[in-house]
Structure formats: C-alpha cells, structure tokens
Amino acid sequence: MLPSLFSTHVQCSRGKRSNCIAVPRPIDSAKRLALEIGEDSLAFSHGNGEPEGGGIQEERSCGLALGGRPPRSNCSREGWPLPQRHQQHSGDSAVAQGTWGACSSAVSTTPPKARTRPVERALQISRMRRLAKMEGSRQSQRTPEEVELALEVLNDELAGASPLDRPSLELATQALTDRLVELRKQQRESRNPADAAETNKQSTHEYSSSLQAVILGDGRQKYTLIKIPKQDDMRGDIYLVRGDPKAEYHYQTALDTLNALQSRNILSDVTGGGRMDVLRAEKKVEIYGYSYQYGAADHSITAKMVKEYLGDEFIVSFGNYGY
C-alpha cells in the first residue's frame, strides 16, 4: 500500500491510560499529488470491506506484537499504516508478560493477522492490476504534466522504499506510466486526427519492423528493454533497446517508443532496465544494473543487440551487478 500522506511522529505515554498522539508534518505538494494520483490508479475495494494487507485496521490504533519477536508497532491513521521509522513506544509491563498491548482510545484485544503469504500476495497484485485498469476510466482528467510530475516523485520514493512498501509503489508507478502514455496518445489524436487515421493504415508488422532496434548515446546512461509480443500479422516477438544519457528515470528512456506504439494500438511491455557505459573511442560497452520501476532487464539480449548494432569491432560485456 502507498505511504501515508503525512509523515507522523507517534508517541505513546506511560500511565493508567495510554494516549496515542499523532503530530502531522507537511510535505511538498508534488509528493501529495503523486500519492493522490497513485491512490486513484490503484483504488479497489475488498468484498469483506477490509483494506489490503491484513492487520489491525481500527482508526488511530497502536498495537504491540510480541511472541518471541521484538515489539512491532502497527499504528494506523484511518486505515493507512504509519512508517516504522516514525513510531516510538515507551516500555510497558505487557512486554515482559508477552501479552497483547494496545494504545488506543478504544482498546482492541484482537491480534494482528498473519502476514499475507506469497501466493495470496500474487493473487492480490493480479486483482489490483485488473481493477486499476477499470478504475482508470473513472479517474478525473489530469494533464500529462501532472502525471509525469507524480511519476517522478514515486520513482524517488521507490529508491528508498522498504520491502513492504515496494510492491505497491511499483504497481503505482506502472499504472501512472500507462496513464501518461494514454494521455499523450489522446493529445496527439486531438491535435492531428487526420495523421492519427493515416498512421493506423500501416500494419503492425510493417510498423514494428520499421522501428530502430537500438537507440543509445555515448557515455553512462540508463536503458530499458522493450518487448513487442507477436500480434496481428507479426511473425514473432520484437525487442527494442532504448538508452538515453539525459534520462533521469528509466521510464523516460522508453516513453517515446511506448507513445508511438500506443498511438497505433500495438501492445508492448518494458521487460526491465539497467545501465550501460558506451565508450565509442575505446570501442567498449558494459551493460549492468537494474531499474527500481521495472527490475533488471535480460542483459544478454541487450548485449547481443548492441553488438549487432555497433559492429564486431566493439567489445560488449554484461553482468547482473551494481545499479
């Protein structure tokens, strides 16, 4: 799930009656927009009315989970868990006794649910993807500039995200990328409807085969590996390598190509990303690393394509190391 809109310091006092005090801190408007759009893209409801993730979902509650492990706070504010780094709890006699303690205006004795198993998590992610697409049709209209700003903020969040926050952030960034591509397509069609109709006359095979297989610059750069799966009159899958020394985020290296494919209703997928060091003077290329948003690309495919593109005189190496 997405991080809370406010970073909150929580203090639980010691005494006959525990109090839970939340002190919100303001965050910049860009991050607020990113979280708002991300929530719109991934919003979905469960049949039992519980938010995804499991756990104590009481409004403004704090729980201490014991049982042989260090106490772990599960403070929430209207269903959104607070980051652990902002949770502080004072000692309590319940810790020594190994019992459930609660810090809430309405004390709950129900222990947190067990962590979602990997298979259940996979099913939830699949459901989120399907419902996110359905929800997209009901989203309020936003400009591409707003969506791209939110996408940049979420990519920054991904860089420092915890393992628990990462899956939901990855889904949010992917949903925003798809939304941005769709908005760009709508812009082009509204400005040049005649050109849009003309480009659609070209077959999928003709257009996908006409695309440059490898685009890259000189020096160190981020890159993505795009796959166009076999469809319509295509004879097989097609891979495209897109690198750009000016790109700050991996999605930016693929965006132009994704926009072009989307405008012709051609399905495509970014299979992963990484970095490459292109040293033309030394005739060397090194391919490595991964993308926070897309994961690691199959660098062996990239290396083969770059070798064919640059020529046999270049030494192309690759490996699954570094960022």
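Note that Cβ sites are derived from N, Cα and C of the backbone, with glycine treated the same way.
Features of the protein shown, as given by TrEMBL:
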- His250: active site, proton acceptor (ACT_SITE)
- Lys222: substrate binding site (BINDING)
- 45-88: region 'Disordered' (REGION)
- 184-207: region 'Disordered' (REGION)
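Counting in whole angstrom, Lys222 (substrate binding site) lies 6 from the residue listed as 'active site, proton acceptor' by their C-alpha atoms.
Other Cβ atoms within 10 Å of the Cβ of His250 (active site, proton acceptor), summed over all protein chains shown, number 29.
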